[in-house]
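A short write-up of the structure that comes next.
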Amino acid sequence: MLSAMTKTLLALLIIFSLFHVPAFAVKKKSYIVYLGSHSHGPEVSSLALKRVAESHHELLGSFLGSHEKARNAIFYSYDRHINGFAAVLEEEEAEAISKHPNVISVFLDKGKKLHTTHSWEFMQLEKDGVIPSSSLWSKARLGEDTIIGNIDTGSCNTAGNVSCNRKLIGTRYFNKGYLVSAGLNSNSSFESARDHNGHGTHTLSTAGGHFVRGASVFGVGNGTAKGGSPLSRVASYKACWPPVNGSECFDADILAAFDMAIHDGVDVLSVSLGGDPADYFADGIAIGSFHAVKHGITVVCSAGNSGPAPATVSNVAPWILTVAASTLDREFQSFVQLASGERFKGESMSKALPAGKMFSLTAGAQAKLANASAIDAMLCKEGTLDPHKAKGKIMVCLRGNSSRVEKGRQAAQAGAAGMILCNDKASGNDITADPHFLPATHINFFDSQALFSYPDVTAPGVDIIAAYTREQSLSGLEFDHRTTAFYIESGTSMSCPHVAGVAGLLRTMHPSWSSAAIRSAIMTTARTRDNRVSPMLNGSYVKANSFNYGSGHIRPNRAGDPGLVYDLTLNDYLDFLCAVGYNQTMITLFSESPSYKCPKEASVVDLNYPSITVPNLTGSSVTVTRKLKNVGSVGTYAANVREPHGVSVNVEPSVLKFDRVGQVKSFKMTLKPKWVAKDYAFGGLTWSDGKHYVRSPIVVSTA
């Protein structure tokens, strides 16, 4: 157990290791048998844990025919807070077990993915972990007025040259589910929490890294780096490894990591991974996070990078704080200026060409070798560019099919002075600052069209700088040996730890707040306008909506004093599960609360969530109920409604008076359709006392 002194922020980083391995097909597969909760006291004995494992052997043995077969099949017994086990089973065996009265669910471990868009494309080999030598970990000062005593580092697995200190107080790894799914035996490569890729170090330092001056990527983006909660203690729980059939993180290992993190007494868990939405009782993250929230832990997860298509969000359980990714007002700008004076803004992390000198442009198709196809040369693929045609010129390459950095390498090897990487229509406005091998810039599709029409041419979450491993090259390409202590990464993997860091600060400022109160404070103080006070735009430069940004872009300072919060208890989440159709028996096992009974008229729309969604407003009206808790000063709050298009909204009462801190007031919102719309409509509700603005998005469909 970790000592009380360490409980500021401990971030769960799901990370993976070194060697690419082939998938291994077996008839028996990895299944999770989920049984609910344990009722251990605060200090659980080794004997009690042994009894849990024996109970799992007995249950499975009753289906397999013997305890010995059960012991051989089970590779994890979740014995601390989560009750269940992971075992290698045949499909028929799994189906039979699911009918047992004490079993909540049995599900196949299909695996999940990390939520990061690497700076390179089309790479198969990926590696990851946590680097204890990073300068963000070497600083452990908690403030001049803080007395630092003995620090209990919990468990620090030192395999693979990993060590802990006053900042990084614990490291663990979980690999059994991965090894079973990959069909591998364990070796030293899979028995370390060390980072060989950078994802773990990057996300963990973003959540809780200390102040480090002079952080840059080869001199670009120079400044002071720090995490969202820089004075916190951190720990790493490694449960992801090289891809197996596209999956890197398996539910068996994820549940083991959650169970141990809860046991260790963490305050905040940051989880930058996910999979397709699934039944709550067939999703390791949903199950693990519920048990974490039940123990007062705030769980922050990434929403995934599959947008902007609808219904692509991961980690949708209502007890999770789910985070999307947005851009910020920092760009690694790289400009292209044509002889006509026309200028295009792109991005790159490479050096610039000499100022005041003009270079000829040539498209890849115009510089192709005689035996190469124009299409391949336009993509600047290996072996397609003629040095006699490319030397000293700026090569124009089309994005796609191969790594962005590899295209620049091919242009450099052909003797080009620089490269312009142009987006195709599918890539749109998605541009990235890459560490190219020659002066280069990456421009969007709109500018690319203009560039291709220039007379001299005959034939461009995001960018977050954080700590990185020196065991991984910048581009991921085999020939690239460049390394750096800091690097940029993009994706919801990077946005998730930002919010986890803020949650850690709020937990320190308001130790009595629940995880739901912390989530509400972050959501209701968010804004939907950018720093120019203009509406936020999506990736296509079209006005964004709640499906793009949720409640909006976080404002940490405002979240520290939200005025009011939408709070939730464990029973509120159980009411929600009743409303979506789970039966009383399953929920009793899930919650370990025999006294809880499903309400007769539980409603999904009445979950006391900081947002209000009515997906089926097809009748005369729908009324939703919400409760607000005062966590600020006394005062009177008035409701201000921005009605969704085609919907009338009435709030009763429209004024709430709070006489004391902790007081709870409820209100009802009635929504009536004026006409049937083809799509969702968006609005908002704001409660304000003149100082605080407690804003909730309203999303309605009348179709």
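Placement of Cβ uses the backbone N, Cα and C atoms for every residue, glycine included.
Feature annotations, courtesy of TrEMBL:
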type	residues	note
SIGNAL	1-25	signal peptide
DOMAIN	30-115	domain 'Inhibitor I9'
DOMAIN	144-530	domain 'Peptidase S8/S53'
ACT_SITE	D152	active site, charge relay system
ACT_SITE	H199	active site, charge relay system
DOMAIN	376-451	domain 'PA'
ACT_SITE	S493	active site, charge relay system
DOMAIN	606-700	domain 'Subtilisin-like protease fibronectin type-III'
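In this view, H199 (active site, charge relay system) is surrounded by 33 other Cβ atoms within 10 Å of its Cβ, with every protein chain counted.
Residues of the domain 'PA' (376-451) grouped by DSSP class, helix first, strand second and coil last, total 24 helix, 17 strand, 35 coil.
Model confidence over the domain 'Peptidase S8/S53' (144-530) stands at 82, taken as the mean pLDDT rounded to a whole number. Cβ environment of S493 (active site, charge relay system): L114, H115, T116, H199, H202, T203, S272, L273, S302 lie under 8 Å away, each six or more residues apart in the same chain. Here the domain 'Inhibitor I9' (30-115) has, by DSSP, the following mix of helix, strand and coil residues: 33 helix, 28 strand, 25 coil.
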